[in-house]
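Written out below as structure tokens is the structure these notes cover.
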Amino acid sequence: MTEYLIRRVLQSVLVIFLITVLTFLLIHAAPGGPTQVMLSPGLSPEIFKQQAKNLGLDQPIPVQYVRWIGDMVQGDLGYTFKNHLAVSGLLWPRIGNTFILMGAAWLVSLLIAIPWGIYNSTKVYGLSDQTASFISYLGFALPTFWFGILLQQWFSLKLNWFPLSDMYSRGHEGDIGDLFMHLVLPVTVLSLGFLASYMKYARASMLEVLDQDYIRTARAKGVKERKVVFHHALRNALIPIITILGLDLPILVAGAALTENVFNWPGMGRWFVEMASAREYSVLMAVTIVTAVMVVIGNLLADILYAVVDPRVKLGKQGGGTA
Amino acid sequence: MIKKRNWWSVLLIVSLLGILFTGCSTNNTANNAPAESTAPTESAVPEATEAVADGPVDGGTLVMSTFSDVVNINPLLVNDTASGDIAQFVFASLFDLDREGNVTAQPWSLAAELPVISTDGLTYTVKLKETIKWSDGQPITADDVVYTVETAKNPETGSPLTSAFDKVKTVEKIDDRTVKFTMTQVYAPFLYALCQAIVPAHVLKDVKPTELQTNAFGTDPAKTVTSGPWKWTSWKQGDSHTLDADPNYWGEVKPHISQLVYKIYADQNTEVQALLKGDTDQTSAIPVTQVEAVKANDTISVIQKPGAQYEYVMFNFDSSNFKDDYGLFDGQKTRQAIAHALNRQGMVDNILKGVGALMNAPFLPDTWADPGDAAVNYDYNPETAKQLLADDGWVAGSDGILAKDGHRFSFELQYNAGNSRREQVAAVIQQNLKEVGIEVTPKAIDFAAWIDQNVTPGKFQALLLAWSLNNPDPDGESIFSSKYFPPAGQNSGWYKNEKLDQLWVDGYSTVDQAKRKEIYKEVGKEISTDLPYVFLYQYGQAIGTGPRVHWAEEDAPEPSLGYGQYFHAIKWWVTD
């Protein structure tokens with residue numbers, strides 16, 4: 001197990017390193033640079049050149065990369081070009097903000113989706129199943145920004161039940177109750193989207209397991225239906241769900257740009273889009289790394305969880321089938 | 001290397017997934033002329049914001065909104081709207097503009113009186129007030145002015161102000177309160193360059209010019225010594241700025257409002273929602289599509305008046321940009337035909353919802369340099385357009401598209417992606433020109449890429465863009481003269497007209513306004529006949545203000561000035 005973990009971590013470091021090289025090349029290959037966005041195009045090109053020089057942007061790309069990776073391994077994420085602010089000081093608060101929003105939405109949707117999906121797998125095409133299907137379609141089909149604006153119009157501007165946007169009201173920074181009120185609308189929008197897919201996965205995965213021979217055998221033995229579902233079927237049905245959750249883990253830090261926009265949530269998704277159009281290379285690299293690390297962690301966690309729920313899976317052995 | 005006389009700046013509104021970023025430039029400069037600046041369109045200052053019977057009260061917080069965060073508020077480096085907004089609250093300028101755009105010494109200006117200009121027009125002597133001081137208590141002196149101008153002129157600084165001061169030969173301290181500028185030549189627009197905020201020499205003099213951009217002055221509130229009525233208390237990146245009235249402010253006129261909050265939203269739609277909800281008190285950029293919705297809310301007053309900016313279609317005269325090196329826009333009659341084919345009034349009515357005024361020359365309507373009827377007006381007339389095209393040798397081909405000498409009249413019209421106004425205008429242009437047999441392919445390009453690959457090097461066929469005139473001086477040499485060809489200059493369309501080249505020089509080489517007016521009239525006539533651009537319209541965005549904010553009528557926002565949405569904010573007050 002330990003040996004397996006070490007091997008996986010080393011592999012991951014290599015993968016992340018390759019990702020940084022590729023990302024660095026790709027974002028620098030995009031035409032235009034920070035100064036083209038910072039400065040008015042009407043200014044003399046001399047000013048663009050001088051500012052690029054003052055910011056170190058005139059160096060060849062490999063030199064810039066080496067400088068960046070050198071700082072990176074020392075834990076320094078670099079500075080924004082446009083105003084020389086430390087990226088780490090900007091990044092961590094935003095990761096925190098996004099984690100609160102996405103984590104809440106994820107939790108809410110899982111708590112509803114998994115039990116409901118399991119229940120529906122036992123009563124296929126019943127009223128509950130039909131309702132769930134309808135909600136899933138709605139969740140897939142509603143554009144998040146439109147749904148968000150709709151909720152704002154009803155529940156904030158008309159009924160005044162919830163705040164319109166932001167994370168806290170002015171003067172209430174850090175107040176948990178205030179944060180909760182601000183979370184309700186965006187979490188509703190986001191969890192509807194998650195709910196739709198997780199419920200479908202849970203239901204489909206259960207149905208597949210319930211159709212298998214050993215379940216039939218269990219039933220034939222006269223095992224109670226309740227025990228069949230929760231004891232025999234559920235554990236196996238969880239495996240594909242864990243895979244999906246593991247793969248989705250990065251969204252907890254990557255955020256959701258559109259929803260964050262509508263609710264003016266100071267999170268990562270919105271920030272990443274802004275920084276991409278501003279060509280803030282160091283920010284883009286930092287976000288890429290954090291996301292890549294989350295992908296790796298998500299996959300690793302999923303693999304470890306397989307072993308927990310499925311005794312057949314042995315990590316680190318040839319033919320374990322999960323590495 | 002040629003230095004640019006550039007105090008024009010481009011207002012390019014860019015957006016990606018609805019996130020907007022404005023690149024526009026800084027100096028609040030002014031209109032020298034006593035123009036009877038009547039608002040070209042509706043200007044409503046509803047009762048809600050007129051002086052209330054109670055009169056001004058001190059204290060309270062005003063929450064303003066914006067959709068882009070500050071880059072750097074160091075006045076030497078300010079080059080975007082958000083930074084300019086904050087800078088104008090916290091830094092005092094040598095001179096300020098009055099509502100008509102005249103350069104004046106106001107109670108909040110650093111200068112005590114108007115500059116004394118020598119009779120030969122070559123020296124400007126500026127007298128500072130006795131009482132002025134920095135927020136750290138140090139006096140503001142001639143040394144600060146000399147440092148600011150010399151650093152701005154230094155090419156190593158990379159300051160956007162470089163061109164504003166490039167005609168200054170020397171700037172000398174006569175005594176602590178007096179500064180003398182000596183010019184290399186008579187240069188009338190220089191007066192507006194004096195509406196400039198000053199930076200503290202005692203803080204910055206040991207910083208290398210190349211390191212000013214990475215210095216904390218301008219990006220760290222704690223390290224930014226200021227000189228205005230409010231000081232910069234805090235900056236929560238991507239969220240808000242807080243400005244508090246400076247208890248040590250030197251001015252005789254003190255601000256009524258004790259705290260300003262500059263709140264950053266993801267985009268203009270979110271801003272409008274926040275204004276409607278009452279989370280914010282003012283937004284200066286209501287999208288045209290939402291103006292009616294905001295007006296329907298009777299607690300919010302809306303000011304609609306076009307600003308100091310105009311949109312245009314630029315032709316490219318470098319034939320290497322076209323198939324077979326055949327310049328499609330070489331014929332003057334062809335360009336005139338395009339001007340006749342475009343329904344500009346329709347664009348103003350339908351896309352700008354009336355907040356715009358047609359233009360025929362690069363001078364804002366109703367300013368002193370506006371040539372009026374001297375400029376040729378191209379009414380919307382497809383028949384005239386067809387006739388002019390036929391006169392110029394264009395004949396319809398089998399597919400209905402015009403052709404000449406085997407070259408189809410088909411071109412690409414570029415604009416920046418995400419700007420919904422330009423997207424709509426480009427579609428109208430495509431439709432209008434199709435009616436006269438010209439094929440247009442509108443193409444939206446990511447802003448940074450566009451500027452880098454197309455606009456700066458002058459590689460495009462035609463483009464749709466705007467100029468923001470944050471200086472009301474009419475000089476346009478740096479964008480229309482053949483001295484400024486790309487990639488070193490800003491005449492991106494490679495336009496060359498020897499008569500105009502000379503007229504621009506004549507225009508700034510005299511400080512006699514009556515003479516200048518005649519020269520710009522001649523410019524207006526020539527440029528509207530020859531058409532390097534099709535000038536479309538002056539446009540603006542509506543300012544919405546909530547019920548808590550009050551001002552006397554003479555202190556109302558003035559959209560036609562740069563940063564005019566905060567005109568005389570020092571005299572506003574808020575109530576709860």
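Just so you know, the numbers here start at 1 and follow the chain as drawn.
Every residue gets a Cβ built from N, Cα and C, even glycine.
Positions annotated as transmembrane segment by TrEMBL: A:12-30 (among others).
Taken from TrEMBL, the feature domain 'ABC transmembrane type-1' covers A:95-302.
Among residues of the same chain six or more beyond the transmembrane segment (A:99-119), those with a C-beta under 8 A of the stretch's C-beta atoms are 128, 132, 167, 179, 183, 186-187, 190-195, 198-203, 206, 229, 234, 237, 241, 245, 248, 251-253, 255-256, 259-260, 265, 267. Summarising the annotation, TrEMBL assigns transmembrane segment to A:99-119 (among others).
Sequence-distant contacts of the transmembrane segment (A:131-155) (same chain, six or more residues past either end, CB-CB distance under 8 Å): 116-117, 120, 161-162, 164-165, 184-186, 188-190, 192-197, 199-200, 203, 256, 258-259, 261-263. TrEMBL lists A:131-155 (among others) with the feature transmembrane segment.
Residues or ranges marked as transmembrane segment in TrEMBL: A:179-198 (among others). Within the chain carrying the transmembrane segment (A:179-198), a Cβ under 8 angstroms from the stretch's Cβ atoms is held by residues 100-102, 104-106, 108-110, 112-114, 117, 135-140, 142, 144, 147-148, 151-152, 155-156, 162-163, 165-169, 241, 244, 256, 259-260, 262-263, 265, all 6 or more beyond its ends.
The transmembrane segment annotation in TrEMBL covers A:237-263 (among others).
For A:283-309 (among others), the entry in TrEMBL reads transmembrane segment.
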Exercise for review: Using a Cβ cut-off of under 8 Å, list the residues of the same chain at least 6 residues beyond the transmembrane segment (A:237-263) that approach it.
Suggested key: 95, 98-99, 101-103, 106, 110, 114, 118, 143-145, 148-149, 152, 165-166, 182, 185-186, 189-190, 197-198, 201-202, 205-206, 208-209, 269-273, 287, 290-291, 294-295, 297-299, 301-303, 305-306, 309-310
